[in-house]
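J.: This is the structure I have questions about; it appears just below.
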Amino acid sequence: MKVTATIAAASMAIAAASADADTTSRQLILGGSIIPSGQKTYSVGIRSTAGGDTYCGGALISPTHVLTTTMCTKHAKPDFVAVGTHYVNGTKDGEQLKVIQAQNHTDFNKTGNGEYDFALLTLEKPSKFAPVKLPKADDSDIKPGMWSKAMGWGWTSFPNGSPSNEMQGVNLQVWSNEDCSQVYVINPTNVCAGGVAGKDACVADTGGPLIKENGAGDKDDVLIGLVNWGYGCGDEGAPTVYSRVSSALKWVNPIIKTKQVKTAVPVQQAISGKHGVPIKQGMPGTVRN
């Protein structure tokens, strides 16, 4: 039997639950720990206003570009990004930069399988923070079983949780696509990580970075994935599916090198005026049973 996750309905239900959450019981990214202020400053919070709540994540990949997933442009208008900030909202640290254009990957979901789930945000002015390194095109930065780190301001309990006030990170092992395809229907532009009980990306971590740490500090980190979709949060044997960043390089590199906005799939918001809290999933995913 196949179980399909219907994303739009789920995200709206979770948004409603979030509004009623007890603010005294706020949780953090599932099974993770606080990332010290001033570290991983390429990890970006996407916001509707400069000081408002972060509703999605992303990664600074050039001084004027943030890479995220299409869910983060669909359910809210990404008017601002917070770069170098430790907190889920406010303006007391980092910088808040205006987004002047959002564009989806030109081949996003062309076959209906959710492939190339990427969105690129162009900033009004350059960030003062250093971008994260992009992976090698030959995919040699990803090896099954290696450790990676996911980051964001999302929940640690599911389905009842609320955003973290401080950025969190959690260490996760990468799966081979062959193994992950025994759990989910995925495509070559995906990479899976996690699947250990109690440790995962979760609601409101959507679009956030999955990185490979090479041991020489943040300047040596490599962006290998972006939080996309999954089945629940932190369930044993159920990893999160990430957008595989190496698959986007042919599209991304010409844009960030020429500093031009390339014609792309139009971005349309599903919710006008106010945003909900996106569920982790970026595309309907099918679970194999």
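Quick reminder: no glycine exception, Cβ is built from N, Cα and C everywhere.
From Swiss-Prot, here are the annotated features:
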DISULFID  Cys56-Cys72  disulfide bond
DISULFID  Cys180-Cys192  disulfide bond
DISULFID  Cys202-Cys233  disulfide bond
DOMAIN    29-257  domain 'Peptidase S1'
CARBOHYD  Asn89  N-linked glycosylation site
CARBOHYD  Asn104  N-linked glycosylation site
CARBOHYD  Asn109  N-linked glycosylation site
SIGNAL    1-19  signal peptide
J.: Mind telling me which of the glycosylation sites Asn89, Asn104, Asn109 has the densest Cβ neighbourhood, counting other Cβ atoms within 10 Å?
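T.: Max Cβ neighbours within 10 Å, all protein chains included: Asn104.
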J.: Can you tell me which of the recorded positions Asn89, Asn109, Cys192 is spatially closest to Cys56 (disulfide bond)? Compare CA atoms only.
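T.: With Cα distances computed to Cys56 (disulfide bond), the winner among Asn89, Asn109, Cys192 is Asn89.
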J.: Going along the chain, which residues six or more apart from Cys192 (disulfide bond) have their CB under 8 A from its CB?
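T.: Val174, Trp175, Asn177, Asp179, Cys180, Val183, Tyr184, Ile186, Pro239, Thr240, Val241, Tyr242 - these are the non-local Cβ neighbours of Cys192 (disulfide bond), listed in sequence order.
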J.: C-alpha of Cys72 (disulfide bond) to C-alpha of Asn104 (N-linked glycosylation site): distance in Å?
T.: 10
J.: To the nearest Å, how far is the Cα of Asn109 (N-linked glycosylation site) from the Cα of Asn89 (N-linked glycosylation site)?
T.: 32
J.: Rounded to an integer, what is the Cα-Cα distance in Å between Cys202 (disulfide bond) and Asn104 (N-linked glycosylation site)?
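T.: Roughly 22 Å, rounded to the nearest whole number.
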J.: Cys56 (disulfide bond) has how many other Cβ neighbours within 10 Å of its own Cβ?
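T.: There are 31 of them.
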J.: Just how many other Cβ atoms lie inside 10 Å of the Cβ on Cys72 (disulfide bond)?
T.: 27
J.: Just name the most isolated of the disulfide-bonded residues Cys180, Cys202, Cys233, going by other Cβ atoms within 10 Å of its Cβ.
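T.: Fewest other Cβ atoms within 10 Å, among the disulfide-bonded residues Cys180, Cys202, Cys233, is found for Cys180.
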J.: Within the domain 'Peptidase S1' (29-257), what mean pLDDT does the predicted structure show?
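T.: Mean pLDDT across the domain 'Peptidase S1' (29-257) comes out at 95.
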